Structure formats: C-alpha cells, structure tokens
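Here the structure is laid out as structure tokens; the discussion comes afterwards.
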C-alpha cells in the first residue's frame, strides 16, 4: 500500500512539474513587463514635468518670490546695487571692482563661491551641493561708449557705459541669490550662479566653459534686457533664436601718390570700395532669400588729405548667419574669393584677419525646446500668459550660445521699457535708460525657474 502511494505521488509531481514551470515563466514575464513600464513612466515623467503647464505649487512659489523681491527694503537694495555697478562700468576682462562688489554681496548673504574664473568671473553655489545642478547666468562687462544720460548715477568712467544692461543682469542675479539663499534648505539639488566676464566681443562664456566652470551642469537659464518691450513682459522662442557671428579686419595695400596723377599710383581706396560692394552680393545673390545672413562693413579708414592717394586702407566688419554652416561659408568667401580677389583686380594686395583667438566667433543661440517650455510656463505663472511673448529670430549675437552647445539652455528677453522715460533707446545707445521695476521681476523669475526645474527633475527621478 505504501509503495503504491509513493508511486502515485511521484507520478503526480512529474505531471505537475511542467505546470509549475509555466507559472514561473509567466510570473517572470509579468515582473519584467512591470519593470519596463515603471522605467518608461519615470523617463517620460521627467520631460513631461518640465513642459507641464503651471501648477498650484508653482503659482504659490512664483508669487511668494515676486512679493519678496518687491518688498521696499529688498527693492531699495536692488536699486542701490544696480546704481553702484552703473556708476563704475568696466570693459571685458577688466571687471575687477564689479567682481569685488559681487563677492562682497555674496559674502554678506553667506553664499560660497569659486573665484577667479576666466580672470574676473565667479561661480556661486546654493543648495545641497549634490546633483542635479542647474545654472543661472549674468554677464558683467560694459561698453566703450560715453554715457549721455544726465542723472545722479551717470557713469563716472570716461568713455565707458553699461549701455547693454549688464548692470541690471548682475543685479537681478544677485537678487535671485538672496531669494534662493532664503530657501536653500528646500532646494532639491544645487543652483550655480554664473557671473561671467567679457560677453561683448570677447567670448567670456567660452572661457568659463574652457576652465571647467560649468562641468556637470544639466541646464542653464539666462536673461537679457529688451528696451523695446514693456516692463512686466518677457519673450523668447524655441530653437534658433540669435545668430552666429564673426568679425573681420582687412588691410588693403596699394601705392600712394598724388591725386592728380592716379595712373602713377595704385589706389587702395578704389579697391576697398569694390570689395565692400562685392561683399553685399554674398547676401543678395548667393544666399537663399529665406536664409538669414548678414555682412556689414562698419568701419573704413584710409587717407588724411583730399589730394593724396594713401598707401593703405583699413576696414572692419561683421558677418552673421543663423547656422554655423552659413557662417563658415561666409568666412571662406569673404577672404579667398571677395576681398583678396577684388584687391588683386585693382593691383593691390590684402590681408584678412578673422581674429579667431582674440575675438572668437560666436555660434548661434539655440534654445532647448523643453527648457524653453519650462521657462515659458514659469513666466506665464509669474507675469500672466499675455505677457510672455513669442519673439522673432534676431541677427543679434550672444555668447550665451556657447552654453547652448554644451547643455539644455533657455535664453529670454525681459522688458525694460517705460513710456514715461525715454522709450526710443535701444542696446548700445549712449542714451539707454531702463525702468528699475524690472529688477525684482528678473530676480524672481531667475529663482522660480531654477527651483521649479530642480523640483520637477527630482520628482521624476525619485518616482
């Protein structure tokens, strides 16, 4: 009887074994599918969160930050900082006192920083120090322009002026630093504040990157004043936004002589005029009318007397395109097939210098679409949807473009226009006036973009 039962059990186990294996296989398949579903949900939720519309939490955060920045004591501090910087403009890589002012303000706030970076720049850190890292950027340098605005805080440095609003940029980022430091324990990661030298023609952003100041940073946001947009508005666009830009300096060598006997001389002025006209044909006859490119000669220098043919003529200009390919094409044509050949036709020689090291060409500024949507959502929450504008592409150039090549980036314009002030000035004007009401707006926008970015990334990764 016992032997019969043993045989029966053995036979039963043998019959059930395939069923057990099938159930085990189904269980493993179910676990695998569940794991894939969770992974896909996490990876999708990251981009979805960054592009999501305004939430209640973001609305509360934005309002709290803007209200804080508009408090009389806070706003008065912003104005004092901006005016001190405006009174003491410094050119590219000479921003020693501006850098000292920034460091003093950061010290007073208890914010740590790395200095010097790219000679006069610095990078401050707020938060846990852990990843993820997000950056906010402001440029510090002024322009070689004599200010013509008569007011109490007019530039005290002869021939130098903050005519592009970099004094406001620095002030808004310091304002953001103060707001962020008050919430440092709530920041889910680390926010880097990039105070950058040498934006005007000297590619300061390139040198900041070269020195490793932006290593390990996942995203970056920047603001630039826009004197033609009202205070309380911002604007940008996804994808290509600002042009790639290069510069050239040309010397045409001829043979000097008396203006009454041109046949005994070789006239470099005539060669220069022909070269300038030929350069315009690169745009009018070689460029697709729907492809934005520019070649402009902004300086010609030659001769000192009306009756003398000079030995040399010098000219300088800029060339721009919305693509790096277009910029490279223009550079090749300008040197090899326009200026040098035009000089040769008139019996002259020419040297062309693109100043590739001293004034490194700027790539196009291309906004990352997800980062643009994130900043746009924050702006709509802070200022209202009608006050966030989709602006057209511009042939202006910005060295923020170097950051856009390295990481997810968004660059926005912020309005400074006030009809009761001078409403008709623009960047690089000796009459530039900005409405200081922009300062708390920019400070709050910077802080809200950074905090909400880290909140969304953190929420997605830790799902």
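In case you wondered, yes, glycine gets a Cβ from its N, Cα and C as well.
Here is what TrEMBL records for this protein:
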- 164, 166, 200, 224, 428: Mn(2+) binding site (BINDING)
- 247-340: domain 'Peptidase M20 dimerisation' (DOMAIN)
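Summarising model confidence by region, the domain 'Peptidase M20 dimerisation' (247-340) averages a pLDDT of 95.
Within 10 Å of its Cβ, the residue among the binding-site residues 166, 224, 428 with the fewest other Cβ atoms is 428. For the recorded Mn(2+) site, residues 164, 166, 200, 224, 428 set the reference point as the centre of their Cβ atoms, and the other residues of that chain within 8 Å of it by Cβ are 139, 141, 143, 162, 163, 165, 199, 427.
For residue 164 (Mn(2+) binding site), the same-chain residues lying six or more positions away in sequence with a CB closer than 8 A to its CB are 142, 143, 200, 225, 427, 428, 432. Counting every protein chain shown, the Cβ of residue 200 (Mn(2+) binding site) has 20 other Cβ atoms within 10 Å. Secondary structure by DSSP for the domain 'Peptidase M20 dimerisation' (247-340): 37 helix, 32 strand, 25 coil.
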